[in-house]
Amino acid sequence: MDMENLTWLHGKPTASGILKANPEDFVVVEDLGFEPDGEGEHLLVRIRKNGCNTQFVADYLARFAKLHPRLVSYAGLKDRHAVTEQWFCLHLPGKEAPDLATFELEGCEVLEAVRHKRKLRIGSLKGNAFTLVLRHITDRQDVEQRLQQIAAQGVPNYFGSQRFGRGGNNLVQARLWANNEIRVKERSKRSFYLSASRSAMFNLISSHRLAQQLSTTVLEGDALQLSGRGSWFVAQADELATLQQRVTAGELNITAPLPGDSELGTHGEALAFEQACLAEQTELLSLIKRERVEGSRRAVLLKPQNMISNWWDDVTLELSFWLPAGSFATSVVREIMNQDRADDTDIIE
C-alpha cells in the first residue's frame with residue numbers, strides 16, 4: 001500500500017522533517033480505560049520498554065514466570081523502535097506472583113504490577129497517548145497552520161504503512177494467497193495478511209471520499225457512527241439534513257468498511273460509491289469471503305485529542321496527543337509534514 005497515493009485532507013504538506021531521529025522521539029503510553037481490580041487470577045504488569053518488540057517481551061515474561069506463552073497476553077502490539085509503556089497480563093490461577101523485582105531484560109523496566117479478574121485481550125484498550133519530536137522542520141509557518149486545521153477538522157483515519165509489512169509485503173502475500181499461489185498455514189501470518197487486505201480496502205475507499213470532498217458529506221445510505229462509539233446506523237433519505245448537521249457538529253462520523261464475508265452495511269448511493277471503489281479489488285474480496293472474516297466499519301476521519309504543541313526552536317517541534325485504539329500516529333504526522341526519512345515505527349493496535 002503506497003501511502004503517497006492516498007488523498008490528504010489538508011493538501012500535501014510543504015514542510016518536510018524527520019520523525020524519530022532516535023527512539024526517545026516516539027513515546028507511546030497505553031491507556032487501558034479502566035483501573036485494575038486489585039484482585040483476581042490475572043496479574044497486569046506495566047512495562048516501559050525501549051528496543052524490544054511486544055511479542056519478545058511477552059515471551060521473555062512467560063519464561064521468567066515459568067508459564068506457557070499462551071498464558072501471557074497484551075492489548076496491542078508496539079514497535080521496538082520507540083519508548084513505550086504497555087501492559088502485559090500473566091494468567092496465574094492459584095499461583096503466587098513471580099518476584100518482578102528480579103526481572104531483568106535490557107531496555108525494559110517494570111513500573112507496576114496489579115492483580116485483575118479478567119484476561120487482557122487484544123483490543124481491550126481505550127487508546128494511546130503519544131509524545132513525538134519532529135526535527136529539522138523546513139516550514140514552521142505551514143506546520144503551525146496545519147496544526148490548527150487538524151485540531152478543528154482532524155486527519156484521515158488511514159491505517160499506517162506498518163499494517164502492510166515492510167515494503168507492503170503483507171499485501172503482496174495476501175494477493176498470492178488469494179490466487180492460490182501460496183499456502184498460508186501459520187495463524188499469525190494468516191491474520192497479518194487478512195488484516196492488511198481489509199485495511200488496504202478501507203484506505204482506498206476513504207481516500208476516494210476525500211478526493212471527492214465527501215469525507216464529511218452524508219450520502220443516502222451512509223453508515224454513521226456516534227463519535228467515540230463502535231456501533232453505527234444507516235442514514236435514511238428523509239434524515240439527511242438533520243444527520244448532516246450532526247456530522248458537521250462532530251456528533252457523528254462517516255464510516256468506511258473493513259470488508260468481511262457479509263454485506264458492506266451501506267445502502268443506496270453510499271453502497272454504490274463503495275462498490276465502485278472496490279470494483280478492482282476482486283482478489284482481496286474473494287480472499288476475505290473465503291476465509292469468512294467478519295466485516296466491520298471505521299470512521300473515515302480521526303480527531304486527535306488533547307493535542308499540545310511545543311516548539312523547542314524554529315525547526316524542532318514536540319507534539320503530544322491522544323488517539324483511540326487502532327489509530328496511527330503516523331497518519332497525524334503525514335498531514336503535518338513530509339518525512340525526509342521513511343520510518344515504520346508506529347503503534348499497530
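Each position is counted from 1, following the chain as shown.
A Cβ is built for glycine as well, from the same backbone N, Cα and C atoms used for every other residue.
Feature list (source: Swiss-Prot):
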{"type": "ACT_SITE", "residues": "D79", "note": "active site, nucleophile"}
{"type": "BINDING", "residues": "F26, N128, F328", "note": "substrate binding site"}
{"type": "DOMAIN", "residues": "154-302", "note": "domain 'TRUD'"}
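Shown here: features listed in Swiss-Prot, placed on the structure.
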residue	record	Cβ within 10 Å
F26	substrate binding site	25
D79	active site, nucleophile	20
N128	substrate binding site	25
F328	substrate binding site	21
Distance [Cα-Cα, Å, rounded] between N128 (substrate binding site) and D79 (active site, nucleophile): 13
Largest separation between Cα atoms (Å) of residues that the record links to substrate, namely F26, N128, F328: 12
Cα-Cα distance linking D79 (active site, nucleophile) and F328 (substrate binding site), given in Å to the nearest integer: 12
Integer Å distance between the CA atoms belonging to F26 (substrate binding site) and the residue listed as 'active site, nucleophile': 10
Within the predicted model, mean pLDDT of the domain 'TRUD' (154-302): 95
